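Over in TrEMBL, the protein carries these features:
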type: DOMAIN; residues: 1-83; note: domain 'Ig-like'
type: DOMAIN; residues: 195-290; note: domain 'Ig-like'
type: DOMAIN; residues: 307-386; note: domain 'Ig-like'
type: DOMAIN; residues: 393-515; note: domain 'Ig-like'
type: DOMAIN; residues: 522-622; note: domain 'Ig-like'
Amino acid sequence: MMHYLLGNMNLNIFVCFLPRGSAPISWSWPNHIVNGSEKLRIIHFSCEDNDRLFCSNLTLNKALGQDTGYYSCNTISSNSSLSGKEKTQIYIFVKDENSPFVNPHTQIPQAVHMSNGKKLVIPCRVTAPDLKVSLKMFSSSSTVDGKEIKWDSKLGFVIPRPTYKFIGLLTCETTMNGRTFQSFYLTFRQVHNIKKIHLNATSPLKMVSGETLALMCTVTTGLNTRIQFIWDYPGKENRSASTTQKIDRTNPRVNKFYSVLVVDRVSTSDKGSYKCKVRSGPAVKEKKIKVIVYEKPFISGRCRKPCRTQATAGQRVYRFPIKVKAFPPPEVLWLKDGLPLTEISARYKVAGGRLTIRDVSEEDAGSYTMMLRLKRWNLYKNITLSLSVNVKPHICEKALFLQDLDLYPLGSKQTLSCTAYGIPLPRILWVWQPCAPNNSKAHIVLLDTEDNGNISSNNRGNVSGNRISSINERAKLVEGKYKTFSTLVVAESNVSGVYHCVASNKVGRDERNISFYITDIPNEFGFDVGTEQDVVPTEGDDLTLFCRANQFLYSKIACRFLSEDNRTAFQLSSPNQVKTGLYSIALYFTIKNVSQDQSGIYECAARNIITQEIVHQKKHVYVEGEHQTIVSKPPPPPSTCSYIAPFTRVESQSKPS
């Protein structure tokens, strides 16, 4: 049934039903009309002509074009024996001279979903059934042929089997009183491609009572995807929260949808899980976050370990063991010995309120204070921690001597010293290692400090050593630092070997090796050349010369004779002539019936075992003529030790005696 009405007229619909039992009557009308308003009035009453009939009247005052649509009256029987539903409806056209379309879309096109296998309806209904409407696609009109495209003034354009060519912007166009009117529609094939969902906060989100909670849910989808936002949160049924939504189509490849949930003045009852759920057809994705609401701001903190802590010099990274709980996050200031850390060293890094020291050094020891402040709420907290920096021991003398080349005269009294620095102050232990005979493994023994340095009774075996008169250890202040100073006094030097000074504390140890070589050669080099006779040799005498060197410092000794013109050299020795004693190696050779032309320089050479250099000693020998009275003779040059080039190749063998 259809009825035609001009705009601004009153619409009066009268309906009566024969009731089945006590059957209530209900009306339906276009959705935009609000029941109970002055525009719409419904009256139920008993019909005057027949008491068996129940009547109802709907009146719409000053109808407009947008009121065009179906108006229906429904009754449902409440009698179980008379089950059923009766419906009466009428389509009312309300002609509007200024708006021929019922719901015109002149600025923003209405989205119309196209589904495969289903008809497509372009809903450009009109307010008058006699209006001629055309459908335009991409500036060209489509013909209403009744097959591919149908026109229905109550529905709009109906396309029974839509194809891809109907996807895009479509325009319904009509003319009324010489004016052209348009309504725009955007058709699309909807997909359910939810690519990503994201919340603007990370879990857990912490808040204080009274603050405003605002969560933004961002969803990225494929084109032609429409979504529905669903928020779930504590107290949703009883809590009024506002949500706003918008879409961003600036990216030609994807769409972005936004939904913002706002909860004003949160309280502790609002804590819990907040979930943003997104649905597009069968596709569903969700993201949730835990919200913690504190009743009031707070600061608490403590040392994870005792507030007196330790680090080690050279440690790559040290992190202060302080645990802080506070909300909101407080301002943090670190002090060292009362001064801000930024003014002390760039090695101090503060990140997230936590202090880290890189490449720990001794100077990092001190008192550290972490100052926490929430100025707005007048909350303050200080945590003080004392840091000690342990230093591995190092022996000071090692920096002064590259190599120990000292020789100690046989039978002499000697004092050895060792100074060590470290934190805690190191203890010094003396260890004796005699030189191993015949290259066998040497036995290392501990010198007992409490027993005046004698070989400890705990060390068994036949171990020889020097008699020790005392071992002393004390702390002394050197250049503002306390150091351990230890002395070992050798009462009588008789045995060669190595004294080890070992400094140790709880974080490490250092060792200095003092070579203790005994020499029976009366000079500082442990190497000499000379003659056995104390008198000047006379022509015809037998001349015996010797060359001696400390056996722990020298090897490969050899002798040669240089003529006074320094142009002739004679080799005087061979390796099988070398004799090894307890402390030194010696080379003796005798020239029988010496003559004056054998006056000259006798040179002895040996290789230094430590430096691997050739060392030379020279002796000037003058032979007197037979029965010659010496008026004067040149004094022999002093014995010298020099580091020069090795022997040159020998020109001739030694002179026959």
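Heads up, the Cβ atoms here are built off N, Cα and C, so glycines get one too.
Under DSSP, the residues of the domain 'Ig-like' (195-290) split into helix, strand and coil as follows: 3 helix, 59 strand, 34 coil. Looking just at the domain 'Ig-like' (522-622), the mean pLDDT is 80.
Across the domain 'Ig-like' (307-386), the DSSP tally of helix, strand and coil residues reads 9 helix, 48 strand, 23 coil.
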